[in-house]
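Here's what Swiss-Prot has on this protein:
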TOPO_DOM  1-32  topological domain 'Cytoplasmic'
TRANSMEM  33-69  transmembrane segment
TOPO_DOM  70-76  topological domain 'Periplasmic'
TRANSMEM  77-100  transmembrane segment
MOTIF     106-110  motif 'Selectivity filter part_1'
BINDING   SER107, ILE356, PHE357, TYR445  chloride binding site
INTRAMEM  109-116  intramembrane segment
TOPO_DOM  117-123  topological domain 'Cytoplasmic'
TRANSMEM  124-141  transmembrane segment
MOTIF     146-150  motif 'Selectivity filter part_2'
TRANSMEM  148-166  transmembrane segment
TOPO_DOM  167-176  topological domain 'Cytoplasmic'
INTRAMEM  177-189  intramembrane segment
INTRAMEM  193-201  intramembrane segment
TOPO_DOM  202-214  topological domain 'Cytoplasmic'
SITE      GLU203  site 'Mediates proton transfer from the protein to the inner aqueous phase'
TRANSMEM  215-232  transmembrane segment
TOPO_DOM  233-252  topological domain 'Periplasmic'
TRANSMEM  253-281  transmembrane segment
TOPO_DOM  282-287  topological domain 'Cytoplasmic'
TRANSMEM  288-309  transmembrane segment
TOPO_DOM  310-329  topological domain 'Periplasmic'
TRANSMEM  330-349  transmembrane segment
MOTIF     355-359  motif 'Selectivity filter part_3'
TRANSMEM  355-376  transmembrane segment
TOPO_DOM  377-386  topological domain 'Periplasmic'
INTRAMEM  387-401  intramembrane segment
INTRAMEM  405-416  intramembrane segment
INTRAMEM  417-421  intramembrane segment
TRANSMEM  422-438  transmembrane segment
TOPO_DOM  439-473  topological domain 'Cytoplasmic'
Amino acid sequence: MKTDTSTFLAQQIVRLRRRDQIRRLMQRDKTPLAILFMAAVVGTLTGLVGVAFEKAVSWVQNMRIGALVQVADHAFLLWPLAFILSALLAMVGYFLVRKFAPEAGGSGIPEIEGALEELRPVRWWRVLPVKFIGGMGTLGAGMVLGREGPTVQIGGNLGRMVLDVFRMRSAEARHTLLATGAAAGLSAAFNAPLAGILFIIEEMRPQFRYNLISIKAVFTGVIMSSIVFRIFNGEAPIIEVGKLSDAPVNTLWLYLILGIIFGCVGPVFNSLVLRTQDMFQRFHGGEIKKWVLMGGAIGGLCGILGLIEPEAAGGGFNLIPIAAAGNFSVGLLLFIFIARVVTTLLCFSSGAPGGIFAPMLALGTLLGTAFGMAAAVLFPQYHLEAGTFAIAGMGALMAASVRAPLTGIVLVLEMTDNYQLILPMIITCLGATLLAQFLGGKPLYSTILARTLAKQDAEQAAKSQNAPAGENT
């Protein structure tokens with residue numbers, strides 16, 4: 001009898017200990033399942049919309065090119081039609097942005113950063129259709145823009161939409177789902193889940209509230225977005241450059257030199273972007289007609305440029321494998337680099353709905369390949385492969401300009417599937433980042449956000465000054 005009683009007591013003690021352990025575990029992990037569920041919904045929606053946006057842009061581009069092919073034998077029709085089609089498509093994007101959702105202009109990433117700090121509004125019912133349709137117009141016109149900016153902003157706005165639909169009122173949920181959508185958007189644009197996570201942690205580090213709940217939600221959203229992307233597009237890397245050879249240790253100093261070059265180029269590029277933005281602002285002065293006509297002219301010129309020098313137009317994804325393969329001479333690579341710098345400045349700084357990641361990756365590829373080809377001639381004993389410098393250059397310009405070296409490294413490695421180049425990439429991107437910081441360069445997105453907030457404050461101050469006068473009349 002005593003044995004049965006002691007056995008019963010022992011079993012009860014074990015059960016109580018298990019319950020206590022479970023209770024402690026539940027107290028330790030306070031992640032609300034509702035937020036994780038909504039993060040999965042946000043990631044799935046962002047993946048679906050991101051894939052739809054990519055397909056829609058490709059459809060518009062194919063329709064435009066197909067129309068040009070029909071009149072390819074008639075030069076007197078081909079050139080005007082190339083200008084008109086691209087101009088009309090671009091004007092659609094500029095008009096929608098200016099008329100209905102000014103915050104949908106440009107990349108959209110600074111807007112998400114501002115929204116994470118509760119400094120910028122998130123009007124998803126306006127931004128989602130304007131960014132999607134406007135991006136179809138500008139990117140479909142062949143302008144030098146990327147789709148990553150739109151998908152990041154679309155993802156963030158989808159996060160806020162889901163929050164409103166489920167009527168979540170907590171500030172933590174609002175912040176977390178916005179960041180989750182942005183990370184899922186980058187992942188959906190580049191098929192780069194780890195880069196999407198790092199982008200939020202690194203690039204948006206001043207705004208992102210890193211805690212157990214938010215990081216789990218970001219992971220969940222990125223996973224769902226990546227799964228959706230791969231269901232529709234497969235698992236192949238989006239930039240096919242083939243498997244490149246590893247960089248020997250005795251050649252790593254060349255990658256540091258390349259990083260120094262990009263450390264000088266990055267701040268200059270950022271300065272040119274801001275100066276070009278000011279130039280366009282002085283030109284149109286906020287008038288919608290001037291702004292739309294200006295956008296149409298830029299879009300039309302990109303359409304013409306696509307006939308003359310196709311490599312100088314478009315986002316750049318098609319150019320990267322060709323340039324990295326060494327199909328161009330050093331002189332031609334530098335010429336295309338300069339041409340694309342000009343077109344990137346015109347397209348992005350004018351406020352067109354579109355990103356700058358893809359154009360920067362193409363610019364980095366061009367300059368990196370040119371450096372690699374020149375180094376191969378100067379140092380034949382190393383048996384250098386120019387493609388490895390192209391890969392390093394892709395991330396270096398982004399690291400120097402955006403000041404997000406980890407994101408640049410991981411993004412390029414995921415996009416190209418050349419993980420063996422991680423060491424030369426670290427050397428190049430770190431050198432570019434440190435020198436850009438030493439030269440006083442400011443991160444591009446943070447600077448654009450600061451200018452946007454300054455403009456917002458000036459407009460609010462002007463309204464407050466005019467309010468008494470309006471009330472007295």
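The backbone N, Cα and C atoms fix where each Cβ goes, and this holds for glycine too.
Features per Swiss-Prot, on structure.
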residue	record	CB count, 10 Å
SER107	chloride binding site	24
GLU203	site 'Mediates proton transfer from the protein to the inner aqueous phase'	24
ILE356	chloride binding site	30
PHE357	chloride binding site	27
TYR445	chloride binding site	24
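On the backbone, the CA of ILE356 (chloride binding site) and the CA of GLU203 (site 'Mediates proton transfer from the protein to the inner aqueous phase') stand 15 Å apart. Applying DSSP to the topological domain 'Periplasmic' (377-386) sorts its residues as follows: 6 helix, 0 strand, 4 coil. For the intramembrane segment (109-116), the residues of the chain that approach it from at least six positions outside its boundaries are 103, 122, 149, 152-153, 156, 160, 175, 178-179, 182, 203-204, 206-208, 355, 445-446, 448-449, 452-453, judged by C-beta separation under 8 angstroms. Listed in chain order, the residues near the chloride site other than SER107, ILE356, PHE357, TYR445 are GLY106, ILE109, GLY146, GLU148, GLY149, PHE348, GLY355, MET360, VAL402, LEU444, each with its Cβ within 8 Å of the site Cβ centroid. Here the listed stretches are 33-69, 124-141, 215-232, 288-309, 422-438, and the one with the most C-beta pairs under 8 angstroms to the transmembrane segment (77-100) is 288-309. Residues 107-109, 144-150, 152, 189-190, 254, 257-258, 261-262, 265, 269, 273, 315-317, 319-320, 323-324, 326, 328-330, 333-334, 336-337, 340-341, 344, 347-348, 382-398, 401-402, 412, 444 of the same chain lie 6+ residues outside the transmembrane segment (355-376) yet bring a C-beta within less than 8 angstroms of a C-beta in it.
Scored on C-beta pairs under 8 angstroms, the neighbour of the transmembrane segment (124-141) with the top count among 215-232, 288-309, 330-349 is 288-309.
Comparing SER107 (chloride binding site) with GLU203 (site 'Mediates proton transfer from the protein to the inner aqueous phase'), their Cα atoms are 14 Å apart once rounded. In the three-state DSSP scheme, ILE356 (chloride binding site) is classed as coil. A gap of 9 Å separates the Cα atoms of TYR445 (chloride binding site) and GLU203 (site 'Mediates proton transfer from the protein to the inner aqueous phase'). It is 13 Å from the Cα atom of PHE357 (chloride binding site) to that of GLU203 (site 'Mediates proton transfer from the protein to the inner aqueous phase'). Put simply, the two farthest-apart Cα atoms among SER107, ILE356, PHE357, TYR445, the recorded binders of chloride, are 11 Å from each other. Break the topological domain 'Periplasmic' (233-252) down by DSSP state and the numbers are 5 helix, 0 strand, 15 coil. Through the fold, the topological domain 'Periplasmic' (377-386) approaches residues 244-245, 248, 250-251, 254, 324, 326, 369 of its own chain, all at least 6 residues removed from its boundaries and within a Cβ separation under 8 Å. Taking the topological domain 'Periplasmic' (70-76) as a whole, pLDDT averages 87 in the prediction.
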